[in-house]
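Among the features that TrEMBL reports, transmembrane segment is placed at 6-24, 36-59, 79-97. TrEMBL lists 104-185 with the feature domain 'Peptidase M48'.
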Ligand SMILES: [Zn+2]
């Protein structure tokens with residue numbers, strides 16, 4: 001049991017160290033963002049599950065099933081188990097997923113009905129009066145897709161539909177959850193190699209995945225033109241536009 005536990009811990013550490021190297025240095029992730037996102041999740045699950053199972057095997061090795069934690073044999077051992085449980089609990093609290101405060105503001109604006117809704121590409125979209133270019137997706141029952149008039153006015157019909165399809169994909173593929181989990185892990189264990197890489201990768205990969213979903217509905221060219229209008233001055237916007245070329 002102890003050997004199996006140690007092997008599991010070593011394998012889990014190998015996954016945590018190697019997965020970020022593989023996933024941040026591979027060109028295929030640019031063309032297959034959804035596969036890359038799933039790979040990140042699998043790596044995290046394998047790393048955490050392997051580590052926890054390995055520790056459990058080492059701690060519980062050779063203990064009778066009636067007294068797994070050895071509390072009867074030694075009260076101080078029970079204290080150790082208690083400390084370990086508190087540590088796990090503290091980690092869970094540190095990692096817990098928090099929705100961004102900006103989501104609350106947008107959700108409130110949508111709930112209050114301040115923004116008129118317009119159906120675009122079969123999706124009810126809240127059109128917010130604002131000069132700057134803004135489009136976002138707010139998850140949850142009270143959420144939805146929001147586009148500013150400043151952006152809508154600059155876009156042709158198919159480009160606006162591409163923006164809405166992109167935001168819609170963020171909702172249907174639960175990208176907010178993926179980003180929130182990755183950012184929570186980054187906050188909780190910034191010293192773990194790959195935690196920052198995962199957060200950075202996830203933020204980029206969800207944009208690629210949403211672009212691909214929009215491109216399947218409206219064509220790559222409409223999405224590319226929309227990206228250039230909405231986000232053509234940022235580095236990520238330029239990369240998104242170039243991967244939609246041809
Ligand atoms: Zn997006």
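Placed from the backbone N, Cα and C atoms, the Cβ positions cover glycine too.
TrEMBL annotations: computationally assigned, not manually curated.
Averaged across the domain 'Peptidase M48' (104-185), pLDDT for the predicted model comes to 86. Within its own chain, the transmembrane segment (36-59) is flanked in space by residues 1-2, 4-13, 15-16, 19-20, 23, 26, 28-29, 81, 84, 178, 181-182, 185, 198, 201-202, 205-206, 209, which lie at least six positions past its ends and keep a Cβ under 8 Å from the stretch. Residues in the domain 'Peptidase M48' (104-185) partition by DSSP class (helix H, G, I; strand E, B; coil) as 39 helix, 19 strand, 24 coil.
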